[in-house]
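K.L.:
Pasting the feature list from Swiss-Prot:
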type    : residues : note
BINDING : 9-39     : FAD binding site
MOD_RES : LYS126   : N6-acetyllysine
MOD_RES : CYS319   : S-8alpha-FAD cysteine
Amino acid sequence: MAAQKDLWDAIVIGAGIQGCFTAYHLAKHRKRILLLEQFFLPHSRGSSHGQSRIIRKAYLEDFYTRMMHECYQIWAQLEHEAGTQLHRQTGLLLLGMKENQELKTIQANLSRQRVEHQCLSSEELKQRFPNIRLPRGEVGLLDNSGGVIYAYKALRALQDAIRQLGGIVRDGEKVVEINPGLLVTVKTTSRSYQAKSLVITAGPWTNQLLRPLGIEMPLQTLRINVCYWREMVPGSYGVSQAFPCFLWLGLCPHHIYGLPTGEYPGLMKVSYHHGNHADPEERDCPTARTDIGDVQILSSFVRDHLPDLKPEPAVIESCMYTNTPDEQFILDRHPKYDNIVIGAGFSGHGFKLAPVVGKILYELSMKLTPSYDLAPFRISRFPSLGKAHL
């Protein structure tokens, strides 16, 4: 039995946005919390780095829209505590053909949940956004709540807040062994720790930690090319021109999204919501970078629809997605060890939802009643994960 001073209420593995918000909620509730990160902070090896992410209430699934109501409140609270701007409201423009079922469902969801939005005809789109070239029959849905989260600033603010609340953040410590039990023992490259509860938010490394615990999630790890495109006239796609974030539906097998210029002067982020299979340990090997089909898709898209951008990317960065088969999150306890909690499979859309995800993982780790219905996020929805894996 660990001495009381060496015993943590909870250990969180992974200091990306989900792990940081989990540790933040634990520390807010005065729990003795240790946040472990295998890389030295800050780093760009996972899914939470970079300067910006889209924030929105526009979702196909009504449960995400409900969660986003509270997410906005917690983002604002963190912004107030940090004393720095973490969010900018720009609006989010969803584009698609008038008959696009996804667009119709999102609009119905926004109406049902009384989220302020506008439906824009082709003519209205041309008048408001003349530097978008639209196919015939294309319409728009503007989610007024949409905008940009300053990702790196948010991570730094969270890590500072965790420390100020008495939590401990230890980076450069890779977890090499987890021993379950009434107390969970976590062994890193530096030392061993014990805790009453363990939360695993390890992104594309999740299954490496779970396999020795007798379970493997159906997770697909992808390397994403995050592309930036140069404006021909600086500022033409900027916030100063009231240009919004956008999400284009139905043109390709996966969505194309964009954010107004800001991260790099004169460059606009436009990326494809998909990528190539990649082991997170090998994502930057030359062999992992041979397939640039998504960049070619984007070049064609930019040439055809964003005429004031040069159609060759000026900057290409990498990011990891960890996708589930249905692209919904995994927020659940280990089927055998109820003091081990798993947060995984954020499928490229988890950053904005992290304030509530962290709250849910905190509640699960402390054996509290979750604030939300977790049916969409249960491990049991994957029938292949039966008792044979345990």
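Even glycines carry a Cβ here, placed using N, Cα and C.
Describe the structural context of these features.
P.N.:
For HIS25 (FAD binding site), the count of additional Cβ atoms within 10 Å of its Cβ stands at 25 [all protein chains shown].
The Cβ of LYS126 (N6-acetyllysine) has LEU134 as same-chain neighbours under 8 Å, each 6 or more residues away in sequence. Secondary structure from DSSP puts LYS126 (N6-acetyllysine) in a helix.
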K.L.:
Other than its own, how many Cβ atoms are within 10 Å of the Cβ belonging to HIS29 (FAD binding site)?
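P.N.:
A 10 Å sphere around the Cβ of HIS29 (FAD binding site) contains 14 other Cβ atoms.
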K.L.:
Express the distance between the Cα positions of GLU37 (FAD binding site) and CYS319 (S-8alpha-FAD cysteine) as a whole number of Å.
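P.N.:
If we compare the Cα positions of GLU37 (FAD binding site) and CYS319 (S-8alpha-FAD cysteine), the gap is 17 Å.
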K.L.:
For ILE33 (FAD binding site) and CYS319 (S-8alpha-FAD cysteine), what Cα-Cα distance in Å is obtained after rounding to a whole number?
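P.N.:
CYS319 (S-8alpha-FAD cysteine) has its Cα 28 Å from the Cα of ILE33 (FAD binding site).
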K.L.:
Including all protein chains displayed, how many Cβ atoms other than that of ASP9 (FAD binding site) lie within 10 Å of its Cβ?
P.N.:
17
K.L.:
Reported as an integer number of Å, what is the Cα distance between HIS25 (FAD binding site) and CYS319 (S-8alpha-FAD cysteine)?
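P.N.:
It is 26 Å, counting Cα to Cα.
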